[in-house]
């Protein structure tokens with residue numbers, strides 16, 4: 001259907017029921033955003049600077065950190081802009097871009113977590129064949145594939161949303177342009193599209209989650225066959241960080257997109273946690289229980305202090 005939209009811009013109303021709290025939210029969200037950027041940049045520097053970390057697991061972690069930098073950057077700058085007292089208006093093209101990149105980055109991360117689970121499955125269940133199975137070529141294909149399929153999913157969802165006519169109300173009752181709130185503003189019957197979107201948004205993460213569950217079921221079976229307690233502890237420790245990150249990623253997706261009766265305030269709160277808090281926590285999750293990452297981070301942080309003496 002041809003887009004007959006006469007709306008040239010939308011007004012972001014922000015998080016529901018937070019009137020008068022703009023200054024406090026600005027400081028809080030700015031702190032989250034800065035810590036997110038710094039934490040993920042440090043992880044990137046740690047992985048790039050240490051040759052010991054140039055393995056498939058850390059290659060995928062490096063890509064996750066890159067996406068954790070861009071993911072909150074889709075909505076946070078505009079949110080911080082209007083929380084500081086500036087205009088809440090966002091252009092039609094800007095709204096389309098927000099929705100596309102939010103779902104592109106989110107879907108890619110979803111596929112990436114699945115690939116990371118497969119990597120752990122191969123490492124623990126087939127350790128002797130790990131370097132052959134997870135070759136540089138395979139890693140490159142898997143990494144490219146996550147972005148490719150993420151782009152396809154995001155393109156489908158964005159086209160589905162903005163092929164509708166938007167010809168009247170333009171106030172978005174949210175802090176960024178997302179599918180559920182945009183469909184409410186459309187000047188057409190959206191029931192069929194809501195069902196298609198619900199199936200599409202639900203089917204993709206569910207499929208990924210089932211694949212992850214399958215990988216970790218096999219991993220648990222392999223770990224239980226390890227005779228030494230120290231070996232089992234090390235294997236579980238390797239996977240615990242990934243499992244924690246998966247839970248933090250999937251819980252908001254289920255609460256926001258797969259509930260039959262949406263709640264604007266709850267959705268916005270969970271979305272903020274998903275957009276800002278989870279990307280901020282990922283560097284901590286992957287570094288606190290990983291001696292190699294902690295060692296590399298320590299070297300990165302110490303370099304500036306010793307640079308003048310070395311000169």
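Every residue, even glycine, has its Cβ placed from backbone N, Cα and C.
Summarising the annotation, TrEMBL assigns domain 'G-protein coupled receptors family 1 profile' to 39-286. Along the domain 'G-protein coupled receptors family 1 profile' (39-286), the predicted structure has mean pLDDT 86.
TrEMBL lists 30-48 (among others) with the feature transmembrane segment.
The transmembrane segment feature in TrEMBL is assigned to 100-118 (among others). Sequence-distant contacts of the transmembrane segment (100-118) (same chain, six or more residues past either end, CB-CB distance under 8 Å): 57, 60-61, 63-64, 67-68, 70-71, 74-75, 142-143, 145-147, 149-151, 153-155, 157-158, 176, 178-179, 204-205, 208, 211-212, 215-216, 242, 245-246, 249, 253.
Taken from TrEMBL, the feature transmembrane segment covers 138-156 (among others).
Residues or ranges marked as transmembrane segment in TrEMBL: 203-224 (among others).
Residues or ranges marked as transmembrane segment in TrEMBL: 236-258 (among others).
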Within-chain partners of the transmembrane segment (30-48) [C-beta distance under 8 Å, separation at least 6 from its ends]: 54, 58, 61-62, 65-66, 68-69, 72, 76, 80, 276-277, 279-280, 282-284, 286-287, 293, 296-297, 299-301
